[in-house]
Amino acid sequence: MLLPIASTATVRATAARLIRRHRGALSVVLALHTLAAVAGLAGPALIGVIIDGVTGGTLVSAGIDTIALVLLAAIVAQALLTRFAQRQSMVLGEGVFASLREEFLATVARLPLSTVEAAGTGDLLARTTNDIQSVAQTVRFGVPRILVAGVTAVLTVVAAFVVNPAVAVGMFAGVPILVVATRWYLKRSGPGYQRQLASYATLGGAISETVDGVRTIEALSLAPAQRSKVDAALRERRESEWYTLWLRSWFFPMTDISFLLPVIVVLAWGAFLVGSGAASIGAVTAVALYAMQLVSPVDELISWLDEIQVGTTALSRIIGVADVPEDRHATGETPADEHVVASDVRYAYREGVEVLHGVSLDLAVGERLAIVGPSGSGKSTLGRLMAGITEPTSGRVTVGGVRLVDLPLDDLRSHVALVTQEHHVFVGTIADNLSLARPGAGRDELARALRVVDALRWVAAMPKGLDTVVGSGGVVLTPAQAQQLALARLVLLDPHTLILDEATSLLDPTAARDLERAMNRVLEGRTVVAIAHRLHTAHDADRIAVVRDGYVDELGSHDELVAAGGAYAELWASWHGGGR
Ligand code: ADP
């Protein structure tokens, strides 16, 4: 299962929304580019005036000097305006990209955990890295360049028409060739370059496999097979490169022709018009110069088309993440008490393959229940259901009579929390790291939570106390300190029931004793379900549930189960007697 990809309509709507949000900045950028382009267009028109003046004998040298000065001023103005326009475009690009990234992060943070797990983190990671990178490239460099090139191209055509519409019509001579050639190329270039990239990956894989496995290849006489594999990869790479080269070998000459054709047509057509008296030599010169000036912006626009295609694909993958459906809809019911019950819970990851076959557990408020059993028996799955992360396939897990999956997520976490290996320190202040668990918590609340987990002393000793910046780039915390922060978050979250998956829990077996003490203080007064992978945890629990093949086989206190002489008694005897 992969995360969704946004439709073209959604991508367009998002782009429109981004443009609307940055309307002000966009207008400034467009205005600057327009002014710069206008300044740049003065040249040909002025040269035309000089030519007509000189050939007509109406212009003397003083006049030429003045026009030359105006020309110089226009060039200086163009340079200055272009600089500011480019700068503002870059700022705009960064702004757009920042909003996009912020929205994306907010979406990712809201994603249902079950979806992320089902899709695997690889897909999400590719979208947060490669795709964001690709969009960033397009937005940062593409948007400014496209704006400049677009505005310049349009204004150049406008200027030519202002000089002489009849002559300017000739500028469009190259359009048919350009349109046909570009469409032909774009249709083939995307798949062509993708195939080329894939062939690099295949060849790289084949070669490194050969090198890494050289002993195996020799031992099993696989050399001929391996050689033909590498040969095939090489052939594919050569063919794919030939293909894109062939595309370029047609496309570039075609664009060159479509760029030069207008100049020739303007001159020939212009000569005819001069002969019939409909245009002056100066006007034809000016329009021909405009036709030549048009080449570079149009060329630039075409070269960005490819990039835009890649960027749009990446954008649709980024926006698509927002299309993940909610995995729960709050019903608005409020739990009557803190009593957590699982009744006849079944669960199947894949349809028809049940891993839990009707588990019922009634947790007494404040009790400590250990779940033990062989690996693969369904302990972790049960833990996730009891923490409300996934909905059971059938049966229900409730708190105070309300199904866990019917509670809004924020609310759910204040009832039941799954404790995982939260060693992660977020970049930010210590206060930021803590208030993630309870936004808006006062500083005294934060301090109290830190005191519970014995962390207040070292935090107070930090250069800026709660406001010390930690995480990468800031103060680096020790693993024990990071664990204490995670525990303090749990104190702030204050759920009455904790599901502790020992395999991934905070309880690092090598953890210092004081950390364990802090942990115990956090567990105090709460209902705890501990998925035990070590039997001594089970021994200390009020009750023990032995899970085997998706069933609760035995349920009772340590003494009861040992006395009963079942599976647990056996496990205990072998573990306790046989040395650990
Ligand atoms: P335990 O925690 O007791 O080791 P689990 O709850 O992790 O057991 O696994 C129970 C069964 O469910 C196993 O057969 C395991 O292969 C299967 N299982 C666990 N996670 C997944 C998953 N994400 N997709 C498919 N099957 C899974």
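Sequential numbering from 1, following the chain as shown.
Positions of Cβ are set from backbone N, Cα and C atoms, glycine also.
Features as listed in TrEMBL:
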TRANSMEM  25-51  transmembrane segment
DOMAIN    28-309  domain 'ABC transmembrane type-1'
TRANSMEM  57-81  transmembrane segment
TRANSMEM  146-163  transmembrane segment
TRANSMEM  169-186  transmembrane segment
TRANSMEM  259-292  transmembrane segment
DOMAIN    340-574  domain 'ABC transporter'
> Between the stretches 25-51, 146-163, 169-186, 259-292, which one has more Cβ pairs under 8 Å with the transmembrane segment (57-81) than any other?
Replying inline: 25-51
>> Quick test of the contact rule: Cβ under 8 Å, at least six residues beyond the ends. What residues does that give for the transmembrane segment (169-186)?
In response: 157, 160, 247, 250-251, 254-255, 257-262, 264-266, 268-270, 287, 290-291, 294, 298, 302, 305-306, 309
> Taking a Cβ cut-off under 8 Å, which residues six or more beyond the ends of the transmembrane segment (259-292) line up next to it in the same chain?
Replying inline: 41, 43-45, 47-53, 55, 156-157, 159-160, 163-164, 166-174, 177, 298-299
